[in-house]
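Below: the structure, in structure tokens.
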Amino acid sequence: MPEPVPAEPGSTELTGLFVEKPLDSIVAVAGTDISFIARVDSTTLTRKPTMKWLKGKWLDLGSKAGKHLKFTETYDRNTKIYTYEMKIIKVVPGDAGGYRCEVTAKDKCDSSTFEISVEAAQQEEQADILSAFKRADAGEDEGDLDFSALLKATKKYIMEAIGNIRTLTINKTNLSDDAAYECVVGEDKCFTEVFVKEPPVTITKLMDDYHVVVGERVEFEIEVSEEGAHVMWFFEDIELVKDKDTKFRFKKDGKKHTLIINEATLDDIGMYHAWTNGGHTKGELEVEEKQLEVLQDIADLTVKATDQAVFKCEVSDDKVTGKWFKDGVEVLPSDRIKMTHNGRFHRLTINEVKPEDAGDYTFVPDGYALSLSAKLNFLEIKIDYVPRQDPPKIHLDTTGNMVSQNTIIVVAGNKLRLDVEISGEPAPTVVWSKGDKPITDTEGRVRVESRKDLSCFVIEGAEREDEGNYTICVTNPAGEDKAVLFVKIVDVPDAPENVKCTGVGEDCGTIIWDPPKFDGGAPLKGYLMERKKKGSSRWTKLNFDVYNSTTYEAKRMIEGVLYEMRVFAVNSIGLSPPSLTSKPFMPIAPTSEPTRLTVHDVTDSTCSLKWFAPERIGAGGLDGYVIEYCKEGDTEWVTANSELCERQGFVVRGLPVGEKINFRVVAVNVAGRSAPATLSQPVTIREIMEHPKIRVPRELRTKYIRKVGDKINLTIPFQGKPRPVATWFKDGQPVDPKMINVRNSNVDTILFIRSAEREHSGKYELLLQIENMEDRATIEIRIVEKPGPPVNVKVTDVWGFNAALEWQPPTDDGNCEITGYTIQKADMKTKEWFTIYERNRRTHCTVSDLIMGNEYMFRVYSENLCGLSEEPRQSKNTGCHCQDRCVHVSVYSTVCACLECKLNPYKEKDMACMPKFTQPLVDRSVVAGYSTAISCSVKGFPRPKIVWMKNKMIIGEDPKYLMQNNQGVLTLNIRKPSTFDGGKYSCMAVNDLGQDEVECKLDVRVATVPESK
């Protein structure tokens, strides 16, 4: 593979953000590689710059990256320079054209344009179009022709021919039409390249986070801006593809794209990404193991013979099955024993209870290390037939929900059934009351059911208002008995209150809340927290174990994204309702501290500081800087700037002279203040005495020469403290402010002349003073202009075909040395001037190759640094050559420079003739891309008019052609001809006496390059 041609560093003028950019123009050979390099200095940038490579006005080449175009980016942490490279693999003619690289960084931007020209690598040996379709893997005499690249006229491809114009129209372009196209007409070819850009697809609905348990179905769903768009799914850094063996499934429904995981496992925990060519979103999946919660435990039962016993429990998963055991032995269903499973409820029903049914019953859910146990007590009824009177007696069962001798705890919403056994003869009368109010209802939510020797107190769906002291009083003629029971209703707690965010970090946020007003009658065990992105409906759990504090720091959030939080309270009964959603908050962090804080300058009352931007800025951006100072030994810092400083430099004013001051700089954004950047040691506020020193630029250390009318702007930098006093002198006298403008600053002085004149020439002296110290510098300025014409130009002698000229230097040399003279001659007939000598240093010369019998005039220009003099000096006499070497006096009272002859005057011959070509045009064959010329010669008098034509069409003011006429020798120069410049060229000469014409054929061929082995 040919080596790529890199752009030469340092070959272009550096401006803006670039420290190196591509050459303005590069010529590449087809089939070779070429690379372009641009470098950007990011030391003054607050964000990473963005580079775009463009072709033409709008085509973004980033979408064309692949085998033909490659882009690379590197970063040097030491120099903080980004290097961007664009490499074109195997250049084709379609790559020719204008390109632009454009870099942007927040509010700064810069661009650079360059041109690529492509030269043909070789010429086809045979003008056979079929050879272009020969298969690459076939031998010399084998293989078929491949016409896959030859376009045919279809509905998609429409080919039109109108005169000499051939048009190819492509309807409904797609990505497969992105290719190079070639048009072949005879032996000529032309190329072009069509770029088809896929429109960017954005994500309109972002991906939500998921929190599921093992085995649940997960669906990550997004919406894109266009139907049928290509979406790539990733798990962490691994791309997910459609495969029979994978558990991932992909679904497309219009603009909706869904990633489905049918049964989630612990291995699926992580971050999932969705990418389009114009957007990106991600969501987190958290999977926890299954935990079965017991919502209602089995209660102990005491039943009598022939009664029905029902054990009931409730679990959190309605799909869980289980088995019943009695004293460790599995209970099997029968006509008397029934086992049912209805949703989350599991029941064991025993009809016509027998004494052998008493025992410990256990329910064991399948797949969980959990068991629920309760006891069945068989109540034997003994009948005493001895007729007697027994006082009434209340027999309370202290098992079950009894937590003490007279307290019963009931979960809100559950049913309370309190069976109290009563004895006494005759049968006692039972009265239930709450406080002083008796309960007499036998139907309803709170009711009393009476049976023989048994009184039942029932509360359906216990509520908080049912809590209190309940009294049962039994009486008969033999006496009475009374018992007091306290029924305590326990419930889930109320929701926590005042959930809010008190602080944020780069990926975290601190949340606080108030405990619920009512704890549900049971001590709080802690809290559970959830969060979600604003606008999403998917909540994500933040903790699986209860959290005891009312302050929580949520982590693993994305900086710059709005989040909302809510909190649940937990007690032994269960979860409270969720709290109100907190106000949206955004994790964002202050920047890091500013870097490289240094002291730039110190005076008696000011201190100039400079620093660099923080290394890490984050999504919050950078609003500005706060500069603070304090005296050495103090702890109170004083703010130096009332408003944020946006620049990376500041002058602190109003400082006490002689004091030692500490300085620090803090970066500020919406997240707050960064850590301070502090100077390592205090600064003493005192002006530092520095000797004056003039730094004369190198170009001013020699004679400074400018032309009359030029603008003079001299900037002379200097050093010294305190501020030096700069004074300019010209030739020992202070400069005139009316003629010369002077501006002085702290670090330099500027001498400015709007329009230079000759009188501005001289020696300028700059005096720099600080009290009794000084420094001087001298600059010599010379203002020059064009010289005057030479003096006393005359012909001193004429002999043979020669003439001798002499002159004297000009009286005005333009204030600089005369570098030479230009001598010209003219025939008195044509009066056309021709240059004989240029830059002749002597004040005399000899003119040769004169024509015998012609009369000539001569003129001389003087030349200096500014150029030729405005006017020439013409000779006072003329030179006349005749066949018998005699001298004639011109009609302008000039004399010949040869010896005077006494023969008869020479009679001028009639030279008029029609145009005739003495040398015709010759057929030529040239190589494309290399300039050429065709020539012929013509004679005729009067001087004929010359007309050049191509294919009988007059060549006008075309910059591609240059037409010259040098004393009858006619030349047509053709600049870098192409195959289209071939044809028949003709030259026609016309005057009053007639015309003549010659023509030739020009053949332009493509250069051939031998194939490399």
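Cβ coordinates come from backbone N, Cα and C, glycine included.
Heads up, TrEMBL stuff is auto-annotated, nobody curated it.
Listed in TrEMBL for this protein:
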DOMAIN    9-117  domain 'Ig-like'
DOMAIN    290-362  domain 'Ig-like'
DOMAIN    392-485  domain 'Ig-like'
DOMAIN    495-591  domain 'Fibronectin type-III'
DOMAIN    593-688  domain 'Fibronectin type-III'
DOMAIN    692-780  domain 'Ig-like'
DOMAIN    789-885  domain 'Fibronectin type-III'
DOMAIN    915-1003  domain 'Ig-like'
*Listed stretch, out of 9-117, 290-362, 392-485, 789-885, that has the most CB pairs under 8 angstroms to the domain 'Fibronectin type-III' (495-591)*: 392-485
*Would you mind giving the whole-number mean pLDDT across the domain 'Fibronectin type-III' (593-688)?*
89
*Could you break down the residues of the domain 'Fibronectin type-III' (593-688) into DSSP helix, strand and coil, giving a count for each?*
0 helix, 45 strand, 51 coil
_Three-state composition of the domain 'Ig-like' (915-1003), taking helix and strand from DSSP_ = 3 helix, 58 strand, 28 coil
*asked:* From the DSSP assignment alone, can you count helix, strand and coil residues within the domain 'Ig-like' (9-117)?
replied: 7 helix, 59 strand, 43 coil
